[in-house]
Amino acid sequence: VSPPRLGCGSMGGMLALPPGQGPHQVGCTDVMVGHTRQGLFLRLFYPCVPGAGAAEPLWIPRSEYCGGLADATLGRRWCSALLSIALGSCKVPVSWNGPLKPRSSGYPLIIFSHGLGTFRTLYSSICTELASWGFVVAALEHRDHSAATTYFCTAEAGTEEWIPFQRVPQGQKEFYFRNKQVHQRAQECVRALRLFQDIAGGRSVPNILHQGWDLSVLKDNLDLTKVAVMGHSFGGVTAVLALVKEPSFRCAVALDAWMFPLENLLYPEVPKPVLFINTEKFQTPESVAKMKGLSSRNSQTRIVTVLGTVHEDQTDFAFFPGKLFSLIFGRRGTLDPHKALAITSRAALAFLQRHLELQEGFAQWDELLEGVGDSVVLDAPFSRSHL
């Protein structure tokens, strides 16, 4: 019997991320601005000029992230080496630093916020999918100690300062700790939007990672009247709060939002529509009640549940082979991950077309927003009557 392969091709590898299904090829670059914690770090996904032989970026950009992931997600430092071997060579099926495909009317923009204990690259499948349909997607890496790990480059040449994942300190109430984080995260989403506004305004923004990809190419290729905010779990509630903080965000898409960290005072303040796409097993009745509170205030807010999915199915981990997934997370969803991604992205696209007023064909998926379709229902499964 030959040993299992730990490489990462699409053939029998540890992780095979799907390419985008939309009409555009997708490019990708990393952007870091500023030499302090107050700067920003994000991975940009965008429609690119089709090019042969473009390099693909690593899914886990550096070994430090394996350590952070082992620590934050699994609470088991010893897994770090194992993760490095299993995942270290996995690639994302996008063109690294590929040239932006110009668009005179400009692309709409999505700011994406990651979940607790993850980082900017672990949502590559959904970000790639959205970019392939004609969006620029900025996947942030938050610096509130909620990322598995992250870093910034200080002004001193070549030095990095790492920001480790932090658990709730002993004796501190979880709500206060997480509430402070969610406000910092939402503020980072607003700062990311300011960054793109600066670029669109012709201001020179140096990317201190020196990728050789010039941010100024975005200047005439973004439509900043069409901006949405999106996120998963802790990132989902971050997206909801960002709507309160920044009027330029026209709507939010919240994937299995963890509603706990947001103070009740703020729920009446959410002015714009939110699409909540939940998995079957994660939400609590309290959390869904908060979502319903928002939908009673804004008739355009929608709550749908994708049946046969678990919380991690909305991350790239869904594309792990079954055994590896079960080893790390326990039970996995019964719905095929490609199908789950298609439902999630199509519902999001239909919602974004409606609220960003796009002239695309995404209205063909409108029925998903009403919970009509295979594997999708309105509201949350446990709130359906059993009579």
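For all residues, glycine too, the Cβ spot is worked out from N, Cα and C.
What you are looking at is a predicted structure, and each value in this text was computed from that prediction instead of being measured.
Neighbour density for S233 (active site, nucleophile): within 10 A of its CB lie 24 other CB atoms from the protein chains shown. Feature annotation from TrEMBL assigns active site, nucleophile to S233.
Taken from TrEMBL, the feature active site, charge relay system covers D256 (among others). In the structure as shown, the Cβ atom of D256 (active site, charge relay system) sits within 10 Å of 29 other Cβ atoms.
The feature active site, charge relay system is assigned by TrEMBL to H311 (among others). Applying an 8 A CB threshold to same-chain residues 6+ apart, the list for H311 (active site, charge relay system) reads S233, D256, T279, K281, F282.
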